[in-house]
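Over in TrEMBL, the protein carries these features:
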type	residues	note
TRANSMEM	C:12-31	transmembrane segment
TRANSMEM	C:38-58	transmembrane segment
TRANSMEM	C:64-82	transmembrane segment
TRANSMEM	C:94-117	transmembrane segment
TRANSMEM	C:144-165	transmembrane segment
TRANSMEM	C:186-210	transmembrane segment
TRANSMEM	C:266-285	transmembrane segment
Amino acid sequence: MSAPVSLKPHRGAATQAEAARKGAPSGAAASLEVEGVSLSFGGVKALRDVSFSVAPGSITALIGPNGAGKTSMFNCISGFYKPQQGTIRYNGEDITRMHPPHRARIGFARTFQNIALFRGMTVLDNIKLGRHAHLKTNILDAFAYWGRAAREEMELRRDVEERIIDFLEINHIRNMPVAALSYGLQKRVELARALAMHPRILLLDEPVAGMNREETEDMARFILDVKEEWGTTILMVEHDMGMVMDISDHVVVLNFGEVIASGLPHEVQGNAQVAEAYLGAGEPAAIKEKIHKRASVA
Amino acid sequence: MLIGTAKHSYRADEALLTTSPQRLWMAILLIALALAPLALDNYWLYLACLVSINVASATGLNILTGFTGLVSIGQAAFMAVGAYTVAVLEARTGLPFLVNLVVGGAVAACVGLVVGLPSLRVKGLYLAIATIAASFILHFVFVNWQSVTNGNSGINVTPASLFGVELTDYVHLYYVFVPITALMVLGAANLFRTRIGRAFIAIRDRDISAEVLGISLLRYKLLSFAVSSFYAGVAGGMWAYFFRVVTPESFPFIYSIFFLAAIIVGGMGTILGGVVGAVFMTLVPELLRFAVEWLTTIFPNAVTALSPIRTIVFGALIIGFLIAEPKGLAEIIQRIRRFFHLWPFRK
Amino acid sequence: MSDLLFFTEVTLAGLGAGALLSLTALAFVLIYKATRVINLAVGEIVMLGAYLFFAFAAGLGLPAWVAIVLSIAGGGLVGAILERGLIRPMLGENPISVFMVTIGIGSVVVGLVELLWGTEPRALPAFLGNQPIFLGEAYVSRKIAIAFLVSAVVIAGFVLLFRFWRGGVALRATASDQAAAYSCGINVPGVFSVAWIIGCATAAGAGILLGSIGGISPAMGVFGLSALVVVIVGGLDSIAGALIGGLLIGVFEAWAGTYLGGEYKIVTTFGILIAMLMIRPYGLFGTTEIERL
Ligand SMILES: Nc1ncnc2c1ncn2[C@@H]1O[C@H](COP(=O)(O)OP(=O)(O)OP(=O)(O)O)[C@@H](O)[C@H]1O
Ligand SMILES: [Mg+2]
């Protein structure tokens, strides 16, 4: 991958060894294969025979015009929608019918296009919640908050503080209610919550939508760091072509529920069908401009 | 955020009471509770016991409705289950009364699990209505399961006894009920420091995202029902030892609405809210009684108006709080607290 | 008397009671359709309607028809006041909070009625006559038959109103999408008021019928719970559901009450409710709500 020219140098980025010491899952990056997935809502065919795969430890971008079916694909992968046809495999295991919470336990984490933070909780609690599936406290422990429960909560707090809050630079907001945060910060907290899940595969639905330039660059840097330091496999939906071209290893293009192209970023960029899909869907011509401009930068 | 809460360690930061004023006020409260019987006459002790029972049950409902977002209008029916269990155990076995209370809670929790089943299919108002249905069906069971419940005449309960002392005086009951309730409230507060409490809140705020984040809705919705009903069951058990007779009419439908009103008025989704709401709603009818008694000096007939006035004030409090102060008394207390800041430690 | 004849009579009585349930359920549905509020105070408005009639007919000695008109108007007025004063400020709040406000309203109404008229049950002045009616050989109580006819006429009237009257169209538009209705120039707050006025007036009318059959007491508001079951079974936003659900519940209650015993009535009703929630949560004709992430 080419060096992301527009990104700031890492501030205080941990080394591989340091990451391992902090207990981040190392090695064992997960792979994901989507095979012939079809999904329809009544008459609307949201996905038609979609196939693609996500290589372990890579950043794969899923792009396409509005309504192409990207979020629906994510929902199939995280188990909220059940596709009518096709299989989804995680490290070779068929998980198409697996219950969503179980997926979280085996290493899936995601963020949502329309921020889905829990508004009644502080930032810290939202992040802690992400760890839920990996904790063991039972109801009796919880009532007593003694021994195991207290110990587990302390470990969790340390993990969240040192591995996530410091990393994402959200120390100053940890005790704020999420509703009080700016949009960009809310997106960052969502990423934090997903990271707390110790994911082996991370699904990001439009991580930089609605962010300004600086926030976008911060987010891109965090995503790259997650991939590089923790070896997490990342699948990302994003409309910001600049960011997609900069950080992804592989791009899959959806249009009207079908995969119309896939390949390396620069291959997809040159694809006439892709440009047409965006223009045909009434996206401003500026997108095409942008694709070409980024191409010349890269 | 309040200043003056510099974090020394995560442990200190995760404590239930994080500031010195909080700890001071809690200590004062505990001492006051311990010494109260010295100052209270029998009538007020009676009320204090009743308050204690209602606080326990309201805290349970708050876990379900305030924190998990599952509205139940059946809390009194679960109390009835606990009360009947205790009454039957007391009559037919020689088990110690603390065991009876726990069993009462456990049986209520099992019934709660069953009643909670519709929550997997429906939510919001539909669920609320299912709990109404469940409470009427339970009432039917209490009336008709003669061999166990003794039908409409109900069951007399012998007094609980502890270390050979029969708990018939309100003072004795006070010293048993208040610690039990305090432990239950503490347990509830602890619950929300762990993954289970967080899962409940997540389900309330966004249940479908919660599921994708690894929370099994099945397990946690039912768990919330079970915990809430356990609280109701124990409270119902205390009720049985307090009033010493349990009949199908002991726990009318309006009593379920009372608990809902208590957590609305107190503040849903805060432990403090459930407690102050139950205290307030239990005492208001008594205050009204004083007011009406005073009125009889002017209008001799005012006594007959007491019951309707209570009903009106009850409804008006629900409406008033929902419209004017939806976060309840707990929010008012927080505002006062912020106003005084760290008083008395710093100005 | 043959078993079949008896069964027919029981069923007819059930249909009569069911018609009253349908009428009350209609009040729920009207208000729910327009404002998305489940008004648990409907039962208390039913009770209030009966007491207003009592006050006008027995207290002031007005002729029955004047008392009927005044009580129904009184119900509508109460509806207008409640909507304007208590429900509109809650616009946009969590539906459960609004639901609880209506519980509070119910309590206040009960208290006021007790304060004004006392708690003991009373009988309404007879104005429907007592002569039994025979359908073929089957005996039907005259009051129940009249209740059935009136309910049928009123419900038919509403169905026509919904189809053809401009206000009915506005109400349906508001029901399907409040924001869109607003942007089409429909006076949404006006629709809210009208729904509450008509809903509460209907409930008050149902109260007069109910009271003349079974007498009145401040506790008769529990009838609202049965009507609530009806709307859940029929579908909260469906007029047809209210109609059919009401008749169904009425007949089942009559059967259970006669063949199993009076105490089985309520369990039957709520048993049906629970079964319905588990099998078809949004009722026979209700609209299913779709959730998205
Ligand atoms: N629950 C649902 N019910 C009915 N239709 C749905 C549902 N979810 C998605 N759709 C439809 O499926 C199609 C794909 O939607 P999807 O949200 O997956 O698009 P997307 O690629 O994420 O678009 P965007 O870039 O705008 O987020 C759309 O036509 C949408 O209306
Ligand atoms: Mg999308």
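Glycine too: its Cβ is placed from the backbone N, Cα and C atoms.
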In terms of Cβ proximity under 8 Å, which residues at least six beyond the ends of the transmembrane segment (C:186-210) contact it? 20, 23-24, 26-28, 30-31, 33-35, 39, 42, 45-53, 68, 71-80, 82-84, 87-88, 124, 143, 146-147, 150-151, 154, 167, 170-171, 173-174, 178, 220, 223
Is it true that the transmembrane segment (C:94-117) and the transmembrane segment (C:38-58) have 3 or more CB pairs under 8 Å, sequence gap of 6 or more? yes
Using Cβ atoms and a strict cutoff of less than 8 Å, what residues sit near the transmembrane segment (C:12-31) while being 6 or more residues removed from its termini? 37-39, 42-43, 45-46, 135, 138, 140-141, 144-145, 147-148, 150-152, 154-155, 158, 171, 195-196, 198-200, 202-203, 205-206, 209-210, 213, 223-224, 226-228, 230-231, 234, 236-239, 241-243, 245-255
Non-local residues, at least 6 beyond the ends, that sit with Cβ under 8 Å of the transmembrane segment (C:64-82): 41, 45, 48-50, 52-53, 56-57, 105, 125, 127, 193, 196-205, 207-208
Per the Cβ under 8 Å criterion, with at least 6 residues separating them from its ends, the transmembrane segment (C:266-285) contacts 226, 229, 231-236, 238, 240-241, 244-245, 248-249, 252-253, 255-256, 260
State the residues, same chain only, that lie 6 or more residues beyond the ends of the transmembrane segment (C:144-165) and have a CB under 8 A from a CB inside it; answer 'none' if no residue qualifies. 12-13, 15-17, 19-20, 22-23, 26, 30, 128, 133, 171-172, 202, 205-206, 209-210, 213, 239, 242-243
